[in-house]
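Below is one structure; the comments refer to it alone.
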Amino acid sequence: MSLVPYEEGSLILDDPNSKSVVVVNPTSGTLSFFQQDNSNNDSELNEDQTASLSALDFPSGIHQYKSPIASYVCPQCGTEINPDIINRRQLHRRASAGVESESSRLSIPENTVPLGFEFANSSFSRRYFQSLERNHRHYALQNDSNNKQGQFSKNKYFIPDDLFIPGYFRKFFKILSLLGNGARGSVYKVVHTIGNTELGVFALKKIPIGNDMEWFNKCIREVKALSSLTHKSANLITYNHVWLEMDSSVGFVRSIDGSQSDSQEEVPCIFILQQYCSGGNLEDCILRKVFNRFSDTESPEERKKKFRTRKKNHGKSGEVGLSTEQLVSIIRDIARGLHELHSIGLIHRDLKPSNCLLLTPFKSDNENDNVYDREHNSDEFFPSIVIGDLGESQLEGESRLGTGCTGTLEFTAPDLIIQGRPVSSSTLPSRSSHTYNEYTFASDMYSLGMICYFIVFGELPFEPQLDIVDLKVRIKNFRFDTEGMIEKHQAMKLKPIDRRIFHLMDALLQPNNDARPTAKTVEETLDEMLINSKPGKKFWKENVDSTLNFSTISEVNENTNSFTDDYIDGDNVTLSLPAPEENLSTVSTQNLQKYSALNRTIQVCYKLVSMILTIIIFKCTKTGSWLSYMSLILLGMVFKSPADERGKHARALVLLAFIAACKKYIY
């Protein structure tokens, strides 16, 4: 199968071994499907039919062909067609209507994909959009030689005319919603369309450039970083396409005279098409769904709805925060993404929760009306995470050009902080003075440690309204106290977690960058925690007082071939712990599931036995006695205390019941 040019600038999805063809016509913006009658295979075709009828092989429908699955991958652009999502009813409807002529043209209903011609979003390769762009450019230039947009850009902006792709955005994309809006650009949820046929949903960054060469270079740096990933990554955002086009500006744009304005005139914009993550970003998820904090952007109706849901579920899930399983899933996904970035020599430099995206939405306990799902899945599952926004990334060894506040200051490593007010690159201390440090892979690891702190506590260790000078001082002086943080976690009455999470944070937040573990080491450490679990044991409480020994794990140079080259292959990857829809057959996941089921059974037994013992004590003692009061207190503690403390409270009830029985029947 291949994409080949056809008359009037059309594209044909073509396979020379079968008897059908799909034509994409940019002139009319339509898709057309042609198919040769299989019963006439032995007959002679005329020259025109032989030239135009080529095949798109389908596994079922009017005509069935037997061919390998590889025939559904275009060798020119790499785009996959999913043969399992074929609209069979549409095929049968057309078959019953007698559409079996030697060459029959089928119209495409609005907002539908013909004959199962459906693409998985991730299967759209960069070459597909490049082919579409070349075809669109050919048609646009052919029909509009006096390109008004090109003349306008030539007189006013530094970008050459031939870099613009006029009309590409409006021709092939429709905006569904606004995902985010900042001072320098916007992010939209868009659907890729050809005519009225919707082919996939993506996230699209539209960044006005104007005459700001520095800003243009920064945007191109992000594109180069994304382009350096030559294969599909499990935990890095997937980049699909980039192009330049004149469009109305959003935010501040530098004009030809160097001034800034926020006018709505058409200016050069760079469009970056990438993977759409329906779960939003990690920061919003933690604040709004995990710790139940209202967002400033939420409407009163949304807040009322959340309040009613929370009130309805009151008492069903008293603890907030994430479980150990969920924390490990998040940290491991981010560490994997960092490992892959570092393996190709890239430093992210702006790693923070808002740049970590959830592939699917996270459903909190308060949002889950299904009691079974809330009890069985909520503490074990968290959506897979990908790292996005590589606009600040740089190659290892490059000199920094800023103040040390490239991204959000709170997530910046202390060794990068330059004391005092922000300075420009022109006033940055010289390299020879050695008064500042360069970004390294360890800088990203400190950011990962601060992300760990944020997802554990739902906040950062700094006051939110600090002056920038005071904030720099706090960051420089911050030291992670493991025991103190464990006490803080207990005082906040969050879900109990494994102490090794705190030891991991301590290692990542070391002020000395040489003392921080690498992304590969963090990933291997978390995997080792899973592998060492034993069926039937308390999975996350085993070795609870032991510290993580990073020195026992071999340190590797991050700038090596990516480990994902060996075994990441499309969707056959376990990205989270555990995902119900994925085929998880690893030993660690089996152990985790066994522990979860056993632990739930034990907790229910503790509660039932405690209630029975309390009834026995009341029957054996007088009303108002100290034994009855103590039994009620212990019963309440059994229901309210963390799971790992219920056993000792239940044993205390057994002792009280024994004393009560002795007083009644012996004395």
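Using the three backbone atoms N, Cα and C, a Cβ is placed for every residue, glycine included.
Of the candidates S96, S227, S278, S323, Swiss-Prot marks one as phosphoserine, and that one is S96. A Cα-Cα distance of 20 Å separates L179 (ATP binding site) from D350 (active site, proton acceptor).
In this structure the alpha carbons, written CA, of V187 (ATP binding site) and D350 (active site, proton acceptor) are 18 Å apart. The 10 Å shell around the Cβ of N181 (ATP binding site) contains 11 further Cβ atoms across the protein chains shown. G185 (ATP binding site) is surrounded by 22 other CB atoms, counting those within 10 A of its CB over all protein chains shown. Of the listed binding-site residues, namely L179, V187, the sparsest CB environment within 10 A is found at L179.
In the predicted model, the domain 'Protein kinase' (173-530) shows an average pLDDT of 81.
G185 (ATP binding site) sits 17 Å from D350 (active site, proton acceptor), taking the CA atoms of both as reference points. Look at L179 (ATP binding site): DSSP puts it in a strand.
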